[in-house]
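Structure first, commentary second.
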Amino acid sequence: MQPTSTTTKHIFVTGGVASSLGKGLTASSLGALLKARGLRVTMQKLDPYLNVDPGTMNPFQHGEVFVTNDGAETDLDIGHYERFLDVDLDGSANVTTGQVYSQVIAKERRGEYLGDTVQVIPHITNEIKHRIRRMAAEDVDVVITEVGGTVGDIESLPFLETVRQVRHEVGRDNVFVVHISLLPYIGPSGELKTKPTQHSVAALRNIGIQPDAIVLRADREVPTAIKRKISLMCDVDETAVVACPDARSIYDIPKVLHTEGLDAYVVRKLDLPFRDVDWTTWDDLLDRVHNPDHEVTVALVGKYIDLPDAYLSVTEAIRAGGFANKARVKVKWVTSDDCRTAAGAAEHLGDVDAICIPGGFGERGVDGKVGAIRYARENKVPLLGLCLGLQCIVIEAARSLAEIPDANSTEFDAATSHPVISTMEEQLAYVEGAGDLGGTMRLGLYPAKLAEGSLVREAYDGQPYVEERHRHRYEVNNAYRSELEKKAGLVFSGTSPDNKLVEYVEYPRETHPYLVATQAHPELRSRPTRPHPLFAGLVKAAVARQVAAAKGADA
């Protein structure tokens, strides 16, 4: 089909009734479907909170911080967008109320409004519009914008008003609004109730937005009669009322939406050029998801495990490592404090096939991570350390093998006599309180050179140089590198190109099958269809250990 318009189309995704309905996953799945139809798609998230970015927010409140190549600290939904579309987004993909108000106030102080009374309309909405419209580049067919929060929230009102204005300005034929709503199930009556969705759509229409499609989230199948009722009461075509019950895997969602006809309805309504969906890559992924040859357990040892979203990209990268090895990975959540003692580590890690030590901040939980690393090293359990995980491996090596029992990081003990981990020189002022903490870490994509013959270079398919995303203030203290190599046998297998910063450490394969760590956050570049090599290597080692144990038991 040939295009009838060269105008970039906008799809806005809103949510109603309750939060955490999966707006980001639904938007990402729709984006993946449109991309599979040959369209050029980009995505954006509008977040209503007043923080400039989530970089200084508590992970228990917000979940993980997703860092882009250009160093922006963004919402975890940006990670969903990158994984489902297999694209690299930049900081413009995440817009917050804090950013918008900061920019408007800065313009007012510079006198750019020429004495106008600065108001939400038009100044705030114009700034939001600018950030939406700049996504509509020449090489983009569709911009999908997720509006954070729930319809009815006071914080979301300026964003929803902006959506209404964008629809008015670019033309109704160029804008499509998808509203995601909850169908609660009332047990005693045995019914899915439509009234909350009707009220949610009514609230959206009060703002001036009529949804073009409604996605119904439920914990069970949605009867056709329910869809017809919502179509009638909410004035939406019956074919545009889409049921999206809970799926076995998040990677099933594109198939669910396609079966319900959402992508076909969107391209028809927006008059987009398209081809049939190419399922080649996605079908291979789903085969690996649902038909594994192995099943392994990987312990994730962290301090924020009460909120799994704090480690969302890590768990998805671990599972993708499983996809690379035709293995289903069960993630076992282990509170780091439970591994402080040898007995505690053995109790909580004795039944796992591999261990992952993710990043984090602050002293709490560090001794437990060190204990988990000691257990993995002594028992030859495959282990991957990320960011703080690398630093804990260095601390454990110094304490246990290099005869430096009081080795520590200046993050946890500023007066430590043996700072094997220390503050990066350019970060000293921020740590000492002379500058803002937000947005000042070593952030974004940085190169590293890998040692020949190392496990990490082998994992990266022999590449001498690689690039990964970073988010940290502390680094391995170079004054201890030689001592750790000689006494502990630790290999510094990757450094910055100038050799000043340690980026990768490992133990030789003769010492341990797979104990590897990086100062970076490789989980941020993992894709379900392109698993990251370090996570693929971890699961490969886990499968090998499991197979070897089974053979030993049979002998």
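Glycine is treated like the rest: Cβ placed from N, Cα and C.
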Suppose a student reads Swiss-Prot and sees Leu388, Gly389, Leu390, Gln391, Glu411, Arg473 listed for L-glutamine. Which of Gly360, Gly365, Gly444 should they find annotated at that same site?
Gly360
From candidates Asp77, Asp86, Asp88, Swiss-Prot puts in the same ATP site as Ser20, Leu21, Gly22, Lys23, Gly24, Leu25 the residue Asp77
Sequence order is fine: just name those binding-site residues in Lys229, Leu388, Glu411 with a Cα within 10 angstroms of Thr194 (UTP binding site).
Lys229
Out of Ile154, Pro196, Lys229, Gly360, Glu523, the recorded positions in the record, which is closest to Leu21 (ATP binding site) when you go by Cα distance?
Pro196
For Gly24 (ATP binding site), the number of other Cβ atoms found within 10 Å of its own Cβ:
23
Tell me, in order along the sequence, which recorded positions from Leu25, Lys193, Thr197, Gly360, His521, Glu523 have their CA within 10 Å of Cys387 (active site, nucleophile).
Gly360, His521
Packing count at Gly389 (L-glutamine binding site) (other Cβ atoms within 10 Å of its Cβ)
26
Please find which two of Ser20, Leu21, Gly22, Lys23, Gly24, Leu25, Asp77 have the most distant C-alpha atoms, given that the record lists them as binding ATP, and give only that distance in angstrom, rounded to a whole number.
12
Students should find that the Cα atoms of Lys193 (CTP binding site) and Gly22 (ATP binding site) sit apart, in Å rounded to an integer, by 19
Report the residues of the chain - excluding Ser20, Leu21, Gly22, Lys23, Gly24, Leu25, Asp77 - with C-beta within 8 Å of the mean position of the site's C-beta atoms, for the recorded ATP site, in sequence order.
Gly15, Thr26, Ala27, His80, Glu146, Ile180
